[in-house]
Amino acid sequence: MPLNVSFASRNYDLDYDSVQPYFYCDEEENFYHQQQQSELQPPAPSEDIWKKFELLPTPPLSPSRRSGLCSPSYVAAFASFSPRDDDDGGGGSFSSADQLEMVTELLGGDMVNQSFICDPDDETFIKNIIIQDCMWSGFSAAAKLVSEKLASYQAARKDGGSRSPARGHSACSTSSLYLQDLSAAASECIDPSVVFPYPLNDSSSPKPCASPDSTAFSPSSDSLLSSAASSPRASPEPLVLHEETPPTTSSDSEEEQEDEEEIDVVSVEKRQPPAKRSESGSPSAGSHSKPPHSPLVLKRCHVSTHQHNYAAPPSTRKDYPPTKRAKLDSGRVLKQISNNRKCASPRSSDTEENDKRRTHNVLERQRRNELKRSFFALRDQIPELENNEKAPKVVILKKATAYILAIQAEEQKLISEKDLLRKRREQLKHKLEQLRNSCA
């Protein structure tokens, strides 16, 4: 049966409304072509409102970067999906228009992120990741679309069986003509060394960045293209999904956006299995002049965008500035260090505390005994409480105060009497002297 490129009818215009706008300024577009063909239900009122006001799409879209599709791995992948001849038992062949439709379906337009199916050796792979608008959450849906297309193509390829090298070479040449026009956008890419001073991939040996004009087709890519077209074994392994990391789905990305406020991005890493290395090191691999083609492994990584949800209520949690937070952390560390120093010798500290408590108890007992004896002595000096052994301390203090005041008053009275008596004595002495002088 011939290779069927068409998929189930899905309204991708509604699924990818963040990527494709509903209308263009000063241009009449058929926005509801599926509705006119199948006479489905009328469009949503939101779409009529957008069409009524004819607003420009915001935010603006980024320029399309399709130079990554010209990599040898992608050309080899397309060569593996080439149609069969009538004599191979396939049931028919495709014309040039069908091949063009296949390429258009495989490319997927702006709905497919080109960083999924490009070769990591190509310099435009890094540029695609840098320039692609990841804030509109188009990666998860694009990854799902690519996985569905590749699964259908691989199923059709397995049903088709083996293909002739001549037919694969013609398909590669045709696809290279279609893909060569896409390399013009590579000159408009930004050099990743300007944006990221450090390398983005985990390769041990850094590779010098090539000029944007030379990233479309290099001599190494031409040799890989010719070898991929001539060798029938190079076609079945252009793109391999890692077993530990399943392809990203839209539900997974939505959950991770709600929990971690991060967007999933699929990065391509080049890995060579040990079986391939053993085959390349064996002498039987001398017949093949090219090195074994390394599979592409899709892995998931997280790119933090730090998006702010303006619709959410203001948080009541107080965020400290970095300097104040550093001071608080340093204070906590110092407090922990002081506590550790205090608890360095627990036995010695316990003995010291027991000794201090014992001496304190002894001194407190002595103080209480002295105070009790003082109250007893004061009670004995008061005539009213002299024989009252159960007199409280308050009564002792009050009676002692009254007794002291009475004694002070009596003292003042006695002092005044003493002064009068002294004066009387002086007068009597003076009178005695006068009498002695008169008698003489």
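Think of each number as a place in line: the chain as shown, counted from 1.
The backbone N, Cα and C atoms fix where each Cβ goes, and this holds for glycine too.
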Labelled region 'Leucine-zipper' by Swiss-Prot, one stretch among 40-61, 150-171, 370-391, 414-435. Can you tell me which?
414-435
Annotated range (Swiss-Prot: motif '9aaTAD') out of 2-10, 20-28, 101-109, 191-199:
101-109
According to Swiss-Prot, which stretch among 306-315, 356-365 corresponds to the feature motif 'UBR5-degron'?
356-365
Pull the DSSP breakdown for the motif 'UBR5-degron' (356-365) and write it out as helix, strand, coil residue counts.
10 helix, 0 strand, 0 coil
Average the pLDDT scores across the motif 'UBR5-degron' (356-365) and report the rounded value.
95
Cβ neighbour count within 10 Å of LYS158 (N6-acetyllysine):
9
When you measure from the Cβ of LYS149 (SUMO2 cross-link), how many other Cβ atoms are you left with inside 10 Å?
18
To the nearest whole angstrom, state the Cα distance for the pair LYS158 (N6-acetyllysine) and LYS149 (SUMO2 cross-link).
14
